[in-house]
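Single-structure report; data block below.
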Amino acid sequence: MAERAALEELVRLQGEHVRELKQQKASAEQIEEEVAKLLKLKAQLGPDEGKHKFVLKTPKGTRDYNPRQMAVREKVFDIIISCFKRHGAEVIDTPVFELKETLTGKYGEDSKLIYDLKDQGGELLSLRYDLTVPFARYLAMNKLTNIKRYHIAKVYRRDNPAMTRGRYREFYQCDFDIAGQFDPMIPDAECLKIMCEILNSLQIGDFLVKVNDRRILDGMFAICGVPDSKFRTICSSVDKLDKVPWEEVKNEMVGEKGLAPEVADRIGDYVQQHGGVSLVEQLLQDPKLSQNKQALEGLGDLKLLFEYLTLFGIADKISFDLSLARGLDYYTGVIYEAVLLQTAAQAGEEPLGVGSVAAGGRYDGLVGMFDPKGRKVPCVGLSIGVERIFSIVEQRLEALEEKVRTTETQVLVASAQKKLLEERLKLVSELWDAGIKAELLYKKNPKLLNQLQYCEEAGIPLVAIVGEQELKDGVIKLRSVASREEVDVRREDLVKEIKRRTSPPLCIC
């Protein structure tokens, strides 16, 4: 160790000598000679292990949440969870990693985005890609055939993230699913109702929910002449139509995936159509599509779905869109995706979508893939894209320069005179024991002005001021931070008064 230290010192001195020569503008030969000596000394030190420059940052595609962002996130979660509970859902949780085998072959082309954990001589594991496949595994493992559940947790995708648009490698999903054998389209309609309720409650702008059916897509591919083996890969190309124009999608189908150009053109005639129940009725009369059994079943179910959506009062938010494909392999029936709309630049133009904020569909075969006897449990569900929603809400708050409270403190226990720390500690303890959210400054004799300033910065609405005279009179001075009004409240009535002043108003919904 002593030898290494001596060598490091020689390197340091030689480095300084080289820098001095450069400053003195010495001859190139002399500088070159001294640099060679420096490199020789460094070579004697060996590799510079553990001394590389460490950049302090979060891994690519991840983020920290500061208190302000967490406050926004909690409000968003509260709105979503209260809606899930209003519809009678129970909550579950599953491990953050699953057996690799559990996730393999469930996501089609997206399987390459799964994070595999390093093999350490035990089970081969992967981080969960979504919450749906673990839910199906949970149902099969516990032999459940009927449950309405929600699950909010982080999932992981080895994607190229676009964090400004709310796309990450680690992100939250909020899932709601109904498992069980029920009459057609009733649970599906409720899922769409929940999606609309949540997006309305979040007030993030106008939205449209695109709806399609995997059976209609498969039927359409069949009558257009797509070989069975190419259904899923062509489906994945169609799914890109919300991001790129038809010509690009067609080039991918023909150039990369080997589809005949005339087949691609036939697909193009269908997938560029969208509308309401009238389009469903039109396609039921389509001479080719109506001859396909799968497509006919899908169209029949969509017609029924629109009836229920009308009864739920949300049909105006739904568009039947033949380009919606949802790339995941496990969907078997109705699929849907909610997109936010930005206002069209000119009247008469189509509103432009600015990104998907929720999606879902029916997956009747997934649980059966895990069951030894292949017993199927029909399922339908939805997932709210909360990261995208957080980004939108945060941007909006920043644009409005709106202050967000990061604590829920109702009152600060303060004192106007010195030597009252004991009394402050006693009072704050009484308030905590009574369930009041209270704070005090961690100083023996804080200045009143500093205490009031802290309340303004933190958004604390009330100050309970302890003073010598108030102690003698058995009262506490309660000050409103906003109006600066002060009233004396008897100590035994203080809890009731704080609750009265800080309780949210009753809402008759």
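For all residues, glycine too, the Cβ spot is worked out from N, Cα and C.
As given in TrEMBL:
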- D130, L131, T132, R157, Q173, D177, R326, Y330, Y331: L-histidine binding site (BINDING)
- 14-41: coiled coil (COILED)
- 390-417: coiled coil (COILED)
- 3-59: domain 'WHEP-TRS' (DOMAIN)
- 37-393: domain 'Aminoacyl-transfer RNA synthetases class-II family profile' (DOMAIN)
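Compared over the binding-site residues D130, T132, the count of CB atoms lying within 10 A of a residue's CB peaks at T132. Taking DSSP states H, G and I as helix and E and B as strand, the domain 'WHEP-TRS' (3-59) has 39 helix, 0 strand, 18 coil. In this entry, D130, L131, T132, R157, Q173, D177, R326, Y330, Y331 make up the residues listed for L-histidine, with the farthest two CA atoms of the set 21 Å from each other.
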